[in-house]
Amino acid sequence: MSFLPDESLDIPGLAPPPRSQPAPAATDDPLLAGLNPQQRAAVLSRADALLIVAGAGSGKTSVLTRRIARLLRDRELWPSQILAITFTNKAAGEMRERVGQLIGHEAANGMWISTFHSACVRILRREAQQFGFTQAFTIYDSADSRALIKRIVKDLQADTLGLTVSAAAGKISRLKNELIDAEGYSRQLNPNDPTEVMFLEVFRRYSAELARANAFDFDDLIAQTVYLFRAFPQVAALYQRRFRHILVDEYQDTNHAQYALIRELTRAVEPQHVPADTRIETDATGGIPAAALTVVGDSDQSIYAFRGADIRNIVEFERDFPGAEVILLEQNYRSTQTILDAANAVIGNNFDRIAKNLFTEVGAGDRIVGFTGYSQHDEAQFVADEIQKIHEQGVPYNQIAVFYRTNAQTRALEEIFIRSALPYRVLGGTKFYERAEIKDAMAYLIAVANPADALALRRILNTPKRGIGPATETALALHADQLGGTMRDALGDAAALGLGPKVTAAILDLSGILDDATATIDTALVPDVLTAILERTKYVELLRASRDPQDEARAENVEELVAVTREFQRNNPEGRLVDFLTEVALVAAADDLDDSSGTVSLMTLHTAKGLEYDAVFITGVEENLLPHQMSASEPGGPAEERRLFYVGITRARKKLHLSLAMTRSTFGDTQVAAPSRYLQEIPTELIDWRDAPGMGMRSTSSQRSLGTTRSGREQFSYGTSLPLGKPKTEWANRVTATVRDNGDLTLAAGDRIRHVDFGEGRVTTVTGTGPKSIAEVQFESAGRKRLLIKIAPIEKI
DNA sequence: TAAACAATGTTTTTT
DNA sequence: ACATTGTTTA
């Protein structure tokens, strides 16, 4: 998909397409086959505003795609008149695919199905020149925003007033999500509070710098589109005329700016903005009526209040859109009744919600498996062992997922998974693009695409080292101000600065490299632009020549980026540099999920939204983690954490595992962890608690071990088993840190070994070859384990 | 300029 | 505990 404005907006099909044939009778319409009455109603409704309250697993994607398919097949609309907003790019791709499967891919061509951010980028790229930006604007991610704010805070010495970078960044983001700009803030602040006045100055400068750099931050993408529509009604009218049916998924997680955007798009077009030759049906006054709106959501799954999502958007939908129809989908087609009972029980503890009870016809299924480990590594080992067991029962790895509250929890899981030779991948934590060398290379591309971007230019000014220090940088910035131009202009005019000949030559060299590359971007392939820059700057070459051993890996990462651009070009033959930069800026954690990869998926509970797996593990179900400590002080925090747990539970189709650890180390020291309050909310008969090895002595009290006594103080205790009855196999809160290398140790079935944690055991089978050979070992007390021979802490005895 | 050392923050979730 | 960032020193 191209973001460049080469696609005509005033499409020929502005009039409804002629109806070819009457729609099949509802009874034998294949698009309605297999739907329950509520789902059917949701597909068929022609209300101007429709709210589908879709409980978890209630087949909402199916309903949405069939609804779209029916609109298109029966020629009620052209594809280009449909705008569908999804939560991730991956969901957008799936929805497009499924509509295509239903009515043919050609018939579905031209729909806009994308995330809020992608849709806004597409609009902004087309309309940027209307308000002082160019089509090549940069999208600043949170790190970029922070970098810019950091410089401003430093310049203004705002930190002396206790204004930190993260506080300022968070506040700016929140204000933008509320559609409040710096001027709006100036009207509401307390002028006697110096910190607020200082913050206003930071906010002002930040906004000015963004505009000057021809850049939008994440929040701007939405907020500035709203601003554009409000300031330029004739521009808004273009889109209001074009989109006749708007669908929004995950409506419970929209923030105010997104809500406002939908309101703007679903405004009726005033007669003066209707062209004389329009073929859309006009009303009595000559205007065009508002587009139809379908929203889908579930307030029980609202988990993004922290980034401004406003649950009122869905709760007050009927008030916002009078005459709206509401359809409730409660039948679940995903999970077993046991899993749903647990989910219903947990979410039932949130008051102030519309009662909703998920049910299914598939039967009770297996009990939920609970496990309490001694440490996070013990817990991780349970997860690994259990996954292995489930896998042997025929569940493929890619149908298994492990969820956690915080990204930091991946560490213990990864350590154990590697040892157990379990194929896994971690979703999110987009580390690749956060690496310094990748950011450098990306900064070159951004500077080439958007010459106004001073932030990108500053980053590469002296990378690789070319003798352009902070003093020269300041001089260049100053010179840009004097010229009334951009920093890039100042670069080309470096001779006028009267600097030393060496520095001047270095600046002009860089200027030439960037200018030459900029000249090619409208036609050149993305990998060619990147390799040309890397060649001329000798970036990779210098890394390879470096004495720092880590630089070799950095060079490889940059080569990997080249491979990424090739991959992009293969998927988007028409894509240009700007398209590549857009795609990189807007990838979501769940987007790089590859269903065909035969691996277990690890992700945060937030990332898990909208996904489903045969077997789900929710780890770290402890107080201060789930609910997270930070949420306690926030209004609505614990309730939102409960919804998060609910989202996690309802991802599971057949098997659900809940696990926790008795101790967990954070920040270096180890603390005793208490079971989450949410565990008590699940009826005990639904959970099959499995104790860690050595916990047998207190098995009678295993339910009590869940902790919290009714009455206060002594909130929780593991009895005496924790300090006293420590079994030999207990895991310390530290896994042997150093990466072991057993060299070419070879084992065969029948060999006896000793393992640091599991004790003695006998090898039953060996699979794989070389460094990847895996031994299956029957331990005397710890059970059966799979070990990666090369790195396992074992010795032959 | 680089290396050595100290200080600091990180762990809430993300487009 | 660990990694990144800033500061001092050679």
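Cβ atoms here come from the backbone N, Cα and C positions, even for glycine.
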Feature region 'Disordered' in TrEMBL, mapped to one of the ranges A:1-30, A:751-780:
A:1-30
Same-chain residues six or more away whose CB lies under 8 A from the CB of A:Gly59 (ATP binding site)?
A:Leu35, A:Gln39, A:Leu329, A:Gln331, A:Tyr333
At a 10 Å cut-off from the C-beta of A:Gly57 (ATP binding site), count the other C-beta atoms across all protein chains.
22
So if I measure Cβ to Cβ from A:Ala56 (ATP binding site) and keep only same-chain residues at least 6 apart in sequence, which ones fall under 8 Å?
A:Asp298, A:Asp300, A:Gln301, A:Asn332, A:Arg334, A:Ser335, A:Ala343, A:Leu358, A:Tyr646, A:Val647, A:Thr650, A:Arg651
For A:Ala54 (ATP binding site), the three-state class that DSSP assigns:
strand
Additional residues around ATP, ordered along the sequence, whose Cβ is within 8 Å of the centroid of A:Ala54, A:Gly55, A:Ala56, A:Gly57, A:Ser58, A:Gly59, A:Lys60, A:Thr61:
A:Val63, A:Asp298, A:Leu329, A:Asn332, A:Tyr333, A:Arg334
Name the secondary structure element type, per DSSP in three states, that contains A:Gly59 (ATP binding site).
coil
